Structure formats: structure tokens, C-alpha cells
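Each remark here refers to the structure printed beneath this line.
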Amino acid sequence: MGVFRIVVPLVTVLLICCSKQHSAVLYSSGFALLGYGATNWLIPRVGNSFIKIGLFGKDMSKPGRPVIPESVGAVSATVYLLIMLLCIPFMFYKYMVTTTSGGGHRDISILEPSEVPASFFPHDKLSEYLSSILCLESTILLGIADDLFDLRWRHKFFLPAVGAIPLLIVYYVDFGATHVLVPGFMQNWLKISTIDLGWLYYFYMVSMTIFCPNSINILAGINGLEVGQSIVLSILALINDGLYLTLGHSTTWENHRFSAILVLPFLWVSLALYNWNCWPAKVFVGDTYCYFAGMVFAVVGILGHFSKTMLMLFLPQILNFLYSVPQLFGLVPCPRHRLPRFNEKDGLLYPSRANLQETPAKAFFLPILKILHYFKLIELEFHEGRVVSCTNMTLINLVLVWLGPMREDKLCQAILQLQFAVGILAIVARHAMGKVLFGHDNLWTIE
Ligand code: UD1
Ligand code: MG
């Protein structure tokens, strides 16, 4: 979608304006552009080195299945980390210089007492920022290990949660809120306005750090989709940030600036990757990128204090996961690859199928498969009255079941458009629902 090359700069400029030209957002945007240039320059130059060390994959949906570099998303991820580190002195310089006298006297202000900010150096902001980088670093390591050794599902599934520990500690110390609001119509009945979920809230946040990376990795298999969905999610997150930074209460600005500072460089390094991964792909992004991307959204949702809104933006990924559950949990056989089947004759993609003759589905699940087939949610193949195969349960295959065979780039566009439309509806619903359910929405009023 060439449209990204117009929309991404537009969103960046709008966000800079929305953030009232806040210096941190400006630095972040400047470094994001640098990251775009570096990533776009590096990818074609390092591709062959990836192939030399065995990091390559076959593009299953092209004639002759050409071999192209795999895990190239590691370049975007590395450039992102370097940018985030380079940004630190620029973002925090003013606190180190203008509010202290220098010469080692960090505690003596050269400002008038009335001008002295509440804290000389915002250690809390730096710790939030560093814990995010630490969490992303461990996630990238996990992704690289997965790309190199093809880790087993049960081994890699819980590892993102370990990487999230620094994040949760910072959340606990800095914010610590584990309360959720009770909907207005239930408040009179229950005689309470909030419920303290306690440790369950931490369980919820850990689940998010596991879900987001894995959910992007399983909505994959066609050129441009992994990175395309991440770009759409970033644009949606920035639109939400822009809304808060313009219409929102000033107490919400810090959180949404923090979100913008993390998402903007991610968006630009992803755009550079998309240039090389869009149809016809010259590189694959690899699991490193999928985990990294998912974790960026989990971190931003948690530390930006809008994890529930973030999950609403993940609705297509949530549906894809729920739809995949029968295959992920072994009720229906799950082949190593569930990406659509490429037909060399017409160059179109068709839904791929799981063979139920070799490995039958669990007997109790057969009637459910037939119901899903009846409602056109899957396509079953029958032979002499017996079910012999069913379409793989992914959103990608479902679009093909509904809309018929499609060319790979058109299919990717259809899913990205769906992601964008659902995301915009989710943002509207989030703010409309906030008003209906709780009597106010924190876009206008802070609880
Ligand atoms: C996940 C999916 C798997 C899907 C795969 C595609 C689940 C449980 N797993 O597995 O069904 O097939 O992603 O990425 O849903 N490839 C292409 N074209 C693309 C992208 C990938 O042909 O546009 C192929 C290439 O051969 C590439 C391979 O997929 O080498 C990458 O697969 P990998 O990311 O290792 O699969 P998983 O993430 O384990
Ligand atoms: Mg993958």
C-alpha cells in the first residue's frame, strides 16, 4: 500500500502539531526519520549476509518458490533500539544543564526558586523509558533465538512475560493503579465506583505482553502483512494520542507523549522495512520483528495507561487468535504452515487446508466444524459423507473463503483496510462508550 508513504509523514506532522511542539516529540520524530534512512539503506546491503548464515526462507506464494533473506526485521529492531538510546541525552539534556549549576553541583539550581521544576531530574520518566527499552531488548533476543533455532511453541510462549518484569516494577512503583471503574448503571446497585483487581491486574498486563507479540506472529504468511498491520496499529495509536493531546485533559498529556515518543520511531523503521517486504517481497521480516512489534504496543499500552484501548485496536488479532484456538490447542490438526495455497496457473491465493484424513479432528469437535461450515466460517471437504479436510482457521483464509481467490497484494490490502476500519470504529466506540458506561470519558474528564 503506497498510501503508507503519504499517511505516515502526515500523521507524524499532525502529531508534532498536536503535541504543541513538545521537545521530546520533536527529537523522537527527528530520530525516527534518521531511523527510516538508516533502515532503508541497510536492508538491501545486509540481505546477502543473512542468506550466507542460513537465514533465508522460501516465498511460498511465488512461482518456483524463490529464496529470500529471512529475519530482516532484526535490522529495524536494532536501528530502533539505537535511536531510542541516542535520544536519551537530547530528551534529558535540559534537566541536566538548565536546572543545575553544573560543576558537579547537581542539587543547586541556577533558576529562580519560582522556576524550579518539581523534581530536578525526572528519574521517574527516565526509568519508564529505560524499562521499555530493556523489555524490548529481551523480546528482540527471544525473536532472534526463535529465528535461529525455531523454538518450540511451549518454550517461547511465556518468555515475553519475563522480559516484562522491569516494566511491571516501574508500573508498580510509579503508578500502581490496579482499580477498574464500575459502569455507571451498576454503581448504584453495587454501591461502589471502582473495583481493585490487585494482582489480577498484573496478571492481565503480563497476558498482554504474551498476547500482543504472538498475535502478530500468527496473523502472517502473506507479503507485507506482519509489518503492514504493525504500521496500521501505530497509525491508530498515534491518532488516539493526537486526540488526547488536542482534546484531552492536560493530566493525560504525559502518557500520550510517552506513547508518541515510543511509537513514532517504530512507525518509521517499520515503513522502511515495508518498502522491502511489500509484495513482491525482497526480504522476510522474521519472528524477531513480530515479537518486537507486538511488545512495542504492549509497552505503550501499559505505561501509557491505555491498555484497554490498545486491546480494542487489536480486535482483528484477537479474532484471529480465537478463530485459531481449535488448531492451536489440537482439536483440529494444525500444519506447520497455515498460509494460503498459491496456484501457479492463475497466480491467485486459495484457502489452505488441514488434512483430516491423516489426522482426524477430535470426535466431539466434528459437529462444531459442521456448524462452522454451515455458517460459511470454514469450508469442509466431504468424501463419501466423511469430512476429509477443512480450511485452516486463520483470518487470512477466512477472507479467501468469503471473497474468493485473490492475488497476494490485494489480499494483504483487504486485511489492512479491515484493520484500519475496525481500529477507527474502536477509537470512536471507546470514547462514546466511556461516556455512556461511566458517565464521562477521560478524553474530556480525568477520573
Ligand atoms: C506462523 C503461523 C503459520 C504461518 C507462518 C507464516 C500459526 C500457528 N503459525 O508461524 O501458520 O504459515 O507464521 O509466516 O498460525 N512466508 C511466505 N510468505 C510471507 C511470509 C512468510 O511464504 O509473506 C513463509 C516463508 O517460507 C518464511 C516462513 O513463512 O520462511 C516464515 O514462517 P515463520 O515465521 O517461521 O512461521 P511461524 O511464525 O512459526
Ligand atoms: Mg513468524
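Using N, Cα and C of the backbone, Cβ positions are placed for all residues, glycine too.
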Q.
Please identify the range among 33-51, 109-127, 356-374, 375-393 that TrEMBL labels transmembrane segment.
A. 33-51
**Q.** Closest-packing stretch to the transmembrane segment (157-181), where packing means Cβ pairs under 8 Å, from 33-51, 72-93, 227-246, 258-276, 288-307
**A.** 288-307
Q.
Check the transmembrane segment (201-220) against the transmembrane segment (288-307) for contact, please; criterion is three or more CB pairs under 8 Å, pairs 6 or more apart in sequence.
A. yes
**Q.** Chain residues outside the transmembrane segment (227-246) and at least six past its termini with a C-beta under 8 angstroms from it
**A.** 1, 4, 7-8, 11, 14-15, 18-20, 73, 216, 219, 252-253, 255-257, 259-260, 263-264, 266-267, 270-271, 273-274, 277-278, 285, 289, 293, 296-297, 300, 304, 306, 309-310, 313-314, 316-317, 412, 415-416, 419-420, 423-424, 426-427, 431, 443
